[in-house]
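In TrEMBL this protein carries:
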TRANSMEM  A:35-54  transmembrane segment
TRANSMEM  A:66-85  transmembrane segment
TRANSMEM  A:92-110  transmembrane segment
TRANSMEM  A:116-139  transmembrane segment
TRANSMEM  A:146-165  transmembrane segment
TRANSMEM  A:185-214  transmembrane segment
TRANSMEM  A:246-263  transmembrane segment
Amino acid sequence: MTDTTVAPPAPAPAEAPPGNQALAKAALLLLRGRTLVVLVVLVAFFSAISPEYLTQSNLILMTKHVAINAILAIGVTFVILTGGIDLSVGSIAGLASMVSGGLLFTGLALPGGTVFFSVAVVILIGIVVGALVGAVNGLLVTRFKVAPFIATLGMLYVARGVAQLRSDGGTFPDLAGTPERGNQGFHVIGVDSLLGIPVAVWIMAAVAAAAIVVTTRTPFGRRVYAVGGNERAAVLSGIRVNRVKIAVYVISGACAALAGLLLTSELGAAYPDTATTYELNAIAAAVLGGTALAGGRGTIIGTVMGAFVIGFLSDGLVLVGVSTFWQSVVKGAVIVFAVITEQAQQRLQSGLAKRTA
Amino acid sequence: MRKLSGILLPIGMAAVLAVAACGSDSGSGTGDAASPSAGAGGSKLMVIITPSPDNVFFKAEQDAAAAQAKKLGYETLVLSHDDDPTKQSQEIDTAISRKAAAIILDNAGADSSVAAIQRAKDAGIPTFLIDREINKTGVAVAQIVSNNAQGAGLGGQEFAKLMGGKGEYAELTGKATDTNAGVRSQGYHGVLDQYPDLKMVAQQSANWDQAEALTKTQTILQAHPNIKGIIAGNDTMALGAYAAVQAAGKKIIVVGFDGSPDVVSSILKDGIKATVLQPASQISEMAVDQADAYIKSGKASQPEKQSVDCVLVNPDNAKSVTDFAVAGS
């Protein structure tokens, strides 16, 4: 019984009884399948209405739009798996955008003069800033025992405010860089393509692959699930819970910063309101993908699928020319509907688990 | 003893309040009794409230108003309501509690702002609206806006000319709750709908937002690959649309509205084709000047509704545009 509560459904640990393992796998398939079914229905629906929906170029474009939310959502999923929540990811994306945009546009003013960094360094700094903000979230949650909702809600405001302070509210309009500053090429990550696929999509694939490996194949991944499944049990089994928690907020912050940079690169401009309210889209993607807000249950693949559902839905509505207001109504309804089906499946799952136990 | 203090305390407090109230009464009584600004009690504070300075247009508006107010010897408090009427209402309360001499406001909603402005008026603080109107007269002292209808007409004409009077186009509209979004869209269509061969194949709101304009334009271009032009309700959306056009490697005519420096420089680089300049700085300065006159004289120097004409910016005159003003116009 302890096995089923502490261990994640995926991957079913080898020591679980074979019956339970099979059930967990079947339930997992159902959970995954649900998001996939919704996605297939969406694609079929929009393809029937608009011949442009199911074209190669539109699929690539929609995937590119998905990439930003998916990367945010993957980071948030780590946090939610531990039973926490990260409301600050949109603001962290905005902050990273402003920090990097500022470094490209105005440089770093030092006493000896203004310094410009190469694009790679600028991107790295942006991600490190995101990770550091995440670390602060983690410390607030662990060391200062602030509830994750409150700690990251506070950070939502603080990070956004700092982003606005960076430019006094203004926009950094041109991030193309100049040869003499040696900082050209920021557009590569957000605008360019590699083998016909946007670089942003490759980055999303890489982040997703890494996250899948980490959650399913590493001791750290198992600890993340353990902390979220039953924190007391995790403590008693010798897991350094605080370390795990800080690590997930760092991951979330870094992912958020990366998403912010992709968005900024694509836009070619950094403005302090970048990615406002994107945290809600990210959390919605995770929940749609079957991640339980209580922690301990969920998968990266599910989250990515959730992001695809949200993105393909929003783009589909724009493509067929539905008004903004209806877009909002439909999106909200789909999210709530997804959670209702998730709850139903949870009941089914626990019913099955009880019968076999 | 306890009982006594229980009675005396409220009485004492009431007495203090009464004295305080009398104090402020007599203070204003020494001034011009007919002055509606009497409640301000000789304050030298001008509160400037605009949407987020994130958009350079509002930044220019704020800066011009603050600079002019300082020049006339006022203290300033600059706030942003981020297009949230609730936040705006709280900021107006702040202005009331700080006993501001006047409020310069670019409001957060034509209807949802009326009550808050009325509250300021009841507290004796005059409000001067800039850039956006409200759906009620007699509440604010002045409503100084750029002539959006006239400006949109200019933008529409230029767009139709650039399109050669025919072809498919898309429109990006602003936030639906903002009067200007509707006025500009109507202004565009007042011209464009007269061309039977100009066909609008998509119309979406991008909520004045650059990133939203980018993604929506990309999707619209998927649905309608033959689009020849995109007309946007403001410059931030035009910039977002143009980023999408560039990413798609297409040649598409993009026209904006505002006259922001970023779009002007894009016009000079043969990117975006045209925009309509709103004299933001001039409007801010007019509002501050009129507020100053009102504070001093107690009456409005101009009619409430005032409109300032917009100017078309295209490659011909883009060079002479700086900070929302065309040199020599």
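If you go along the chain as it appears here, the first residue is 1 and each next one adds 1.
Cβ atoms are placed via backbone N, Cα and C, with glycine included.
Unlike curated records, TrEMBL annotations are generated automatically.
Among A:66-85, A:116-139, A:146-165, A:185-214, A:116-139 has the largest number of CB pairs under 8 A with the transmembrane segment (A:92-110). For the transmembrane segment (A:116-139), the residues of the chain that approach it from at least six positions outside its boundaries are 86, 88, 92-93, 95-97, 99-100, 103-104, 107-108, 148, 151-152, 155, 159, 177, 181-186, 188-189, 245-258, 260-261, judged by C-beta separation under 8 angstroms. Counting same-chain residues at least six beyond the ends of the transmembrane segment (A:185-214), those with a Cβ under 8 angstroms from any Cβ of the stretch are 60, 63-64, 66-68, 70-71, 74, 77-78, 100, 104, 119, 122-123, 175-177, 220-221, 255, 258, 261-268, 299-301, 304. Packing against the transmembrane segment (A:66-85) from elsewhere in the chain are residues 8, 93, 141, 148-149, 152, 198, 200-201, 203-204, 207-208, 211, 215, 224-225, 227-228, 231, 244-245, 248-249, 251-256, 258-259, 262-263, 275, 278-279, 281-283, 285-286, 289, 291-298, 300, 303-304, 306-308, 310-312: each is 6 or more residues past its ends and has a CB under 8 Å from a CB in it.
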